[in-house]
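K.L.:
The domain 'Sphingomyelin synthase-like' feature in TrEMBL is assigned to 282-348. The transmembrane segment annotation in TrEMBL covers 43-61, 73-96, 141-160, 299-320, 332-354, 408-430.
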Amino acid sequence: MGLLPAWRSVVFKNRGSGLGLAAIAYVGVDYFRHLSPRWHERLQPVLWTFLAIAAVIRVPFYKHWSSELRSALPFIFSLIFMLSALLLEAISVRFVTVVLGSDWHNSAQALPDVGQWFLLALNEKLPQTMVNLLRARIIGLHHYLMLFVMLGFSVLFNSIEAPGLGLGARYMFTMGVGRLLRALAFVSTILPSPRPWCASTRYHIPAHPHRWAQKYYVPYATDSYAIRQVIHYDIAYADPGDYHVEFHPNWGLMSFLIDFLRPTPPDGSSPWYHLLKKAGGGCNDLIYSGHMLVSVLTAMAWTEAYGGLSSILIWLLVLHSAQREIRERNHYSVDCVLAIYMGIFLWKLIGIFWPTKDASKKRRLIKLERVQGRLTQAAKDSDIDRVREILKEVELSSQVRQNPKSSAMWLFSGATIFCTITVVLLAFMLTSDG
């Protein structure tokens, strides 16, 4: 009678609050850089040393290395996929920053943002202490990434279910898909930055538009008659004028990127990746927010894998980050709202196709429920061999079989990469067309 509850207690171990306390300690200690830099310099090495020693001590007692090894290949694939997506995103960020030229950036007006209005109105109504709390830079992008790393390593302490590499692979794969969709979104429609001075202070970019923008955008940007005509004829009929001469450094095999990155003489003979390192977040509104995507995916992973009160705290920090992104005009409100939607949606969507981490445990429980009567009878008869035979049958039922959903996931990733390459090649052909 007590066999099934006992089995469940073994499979689903109680999880303490250690991970949540470690997360709070990490964020709190790091915030000391603003309150007291001296104490921050003292406390941060102590905290990281303590956490590292605790993890190393637990390594010899970890019992799920075989599960981690099975997750190694998906982890490596997801890492490569995410890095490829980030590279494409960086090229896209640079492209949308330079394609219209610095003259457009200097003249473009920021979009009206009701979210910004709302926060400014709150500043007039709330106590100054509350306003200061909303303005405080409590948590940033690197914090969310490190919180996820802590979540992954907490598998050593049985705080989350193994494998940790499996959770990391799902996180990176979802991040890669999110970054690709984000790049397609902000490249599709170029929006002005909430900070109009950005381009002139951060980059050396050509003042004139790219020849593609000069032909297909400039003649129809403000003239109502021209816009009506291009809608009617559905062809770029206006004379774009003479194209400006572009600077062409010698990038060898990567010279095809010149049309996308638009280097300038001050960049000299710098390699192409030098421009990407300086691209940062660009100087356009990049819908949706990449920072918020990272924070939401971290919160989703934390809630699903660990849960508890600490997950509620992380979601509160996500909302704090969102209002601060809007308040500091790093993004429009729509960017943060969409990032929250997309982060939740993508995590759930990828989870449908991703091999479930606890599938074997669920199969064991189902099988155990089916054989509970036989197991109880064998125990009453003191038939130890029969008990062992039934338990072995339960264990064999948990053998991991190829999940058709995992095959669908790999097909989905391949289709995503194929579509991305197709879009890039199409854009290359259009921009290279004289």
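Every residue gets a Cβ built from N, Cα and C, even glycine.
Predicted automatically and left uncurated, TrEMBL annotations should be read as such.
Describe the structural context of these features.
P.N.:
The list of residues near the transmembrane segment (43-61) in space but at least 6 beyond its ends in sequence, with Cβ under 8 angstroms from a Cβ of it, reads 22, 25-26, 29-30, 32, 150, 153, 156-157.
Cβ atoms under 8 Å from those of the transmembrane segment (73-96) belong to residues 165-166, 168-173, 175-177, 179-180, 182-183, 186-187, 190, 257, 260-262, 275-276, 279-282, 284, 286, 290, 413, 417, 420, 424 of the same chain, restricted to positions at least 6 beyond its ends.
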K.L.:
So if I exclude everything within five residues of the ends of the transmembrane segment (332-354), which remaining residues of that chain have a CB under 8 angstroms from its CBs? That is, six or more out.
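P.N.:
Distal contacts: 111, 113-116, 170, 173-174, 177-178, 181-182, 191, 194, 285-293, 295-297, 299-301, 304, 318, 322, 325-326, 405-406, 408-409, 412.
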